[in-house]
């Protein structure tokens, strides 16, 4: 029996990457020691971190107008780091509340003394649709507009085609769909993504920031560890970076390139998610929760509308080698995470199981 991991994060990693990590963990042919033992000042690690940045720039078409940094602390640290660095003119940000992580970004800004205005929220229907900008939105009133491209918990996504159009600054949390579908980086002024969903293991967060915007900021009262400029100036080595996480990230980026890049990943993710959504939409037992136009490619959320039954089915799934299918505690139901490394066979196995469960519980 093949086991499949549907966890929302840390998420599934490509098997070739895991195999390479296993083979090189004790002794790498270039470092002659374990990757977790090498110095972050060594030429070997310099090659690794340079490669990771080059691969990411290549995959996302990131121009030299943007700086790329690899930072510790996860997306939660970015919730505070972003307004500390960029909300220093009006001390006010705008947020589209599309889910738990968008809401947390707003709360974090308030915690550090900034104003956070919720322009629109889809909380009223449990985030099953996406909040959008109104026609009277005035970007001049805010330092920037923040959104979450993919809402990991609730399963709704701002795809490139439905991104809100603003003449102001736009920032995004792309933690759970970075490299899963194409985005034009030039539409954003800052992007961050925790690696543990679609880029690699936990421990490193990617930050992509527009250099000219950063230079405009007065950050003299911002702690040194929370300044993007320090990471850019020191090539992500302002302090000891997460060596292993960046090493693994580089391997994942290499794997994505070998698969044909983001466009190839996008096509595969459409195929995987469409197959599952089609099954759910044609079932009278299961129900996909998100409006069709906003459905996530990477986090498919659904339910039978019976909490105890959902829990029983998720428990049964583990016996069939299908792990971590339970939805987030705030939503319930099921969540099947179909990140880049998730094979189509996992979706086939899931659908086969769901049909079996329907017969058993209907």
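Quick reminder: no glycine exception, Cβ is built from N, Cα and C everywhere.
Per Swiss-Prot, the features are as follows:
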BINDING   41  L-glutamate binding site
BINDING   75, 76, 101, 152, 173, 196, 239, 240  pyridoxal 5'-phosphate binding site
MOD_RES   197  N6-(pyridoxal phosphate)lysine
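Summarising the environment of residue 173 (pyridoxal 5'-phosphate binding site), the number of other Cβ atoms within 10 Å of its Cβ, over all protein chains shown, is 28. Counting other CB atoms no more than 10 Å from each candidate's CB, the binding-site residues 76, 152, 196, 239, 240 peak at 152.
When the alpha carbons of residue 152 (pyridoxal 5'-phosphate binding site) and residue 197 (N6-(pyridoxal phosphate)lysine) are compared, the span between them is 9 angstrom. Across the recorded positions listed here (41, 197), the residue whose Cβ sits among the most other Cβ atoms within 10 Å is 197.
Around the Cβ of residue 101 (pyridoxal 5'-phosphate binding site), a 10 Å sphere holds 20 further Cβ atoms from the protein chains shown.
Spacing of residue 76 (pyridoxal 5'-phosphate binding site) relative to the residue listed as 'N6-(pyridoxal phosphate)lysine' is 14 Å (Cα to Cα, whole number). According to DSSP, residue 76 (pyridoxal 5'-phosphate binding site) is assigned to a helical segment.
Across the annotated binding residues for pyridoxal 5'-phosphate (75, 76, 101, 152, 173, 196, 239, 240), the two most widely spaced Cα atoms sit 30 Å apart. Residues within less than 8 Å, Cβ to Cβ, of residue 75 (pyridoxal 5'-phosphate binding site) and separated from it by at least 6 positions along the same chain comprise 101, 173, 175, 192, 193, 194, 205.
Residue 240 (pyridoxal 5'-phosphate binding site) and the residue listed as 'N6-(pyridoxal phosphate)lysine' are 23 Å apart (CA-CA, integer value). Rounded to the nearest whole angstrom, the C-alpha distance between residue 41 (L-glutamate binding site) and residue 240 (pyridoxal 5'-phosphate binding site) is 9. The DSSP secondary structure for residue 101 (pyridoxal 5'-phosphate binding site) is helix. The secondary structure of residue 173 (pyridoxal 5'-phosphate binding site), as reduced to three states from DSSP, is extended strand.
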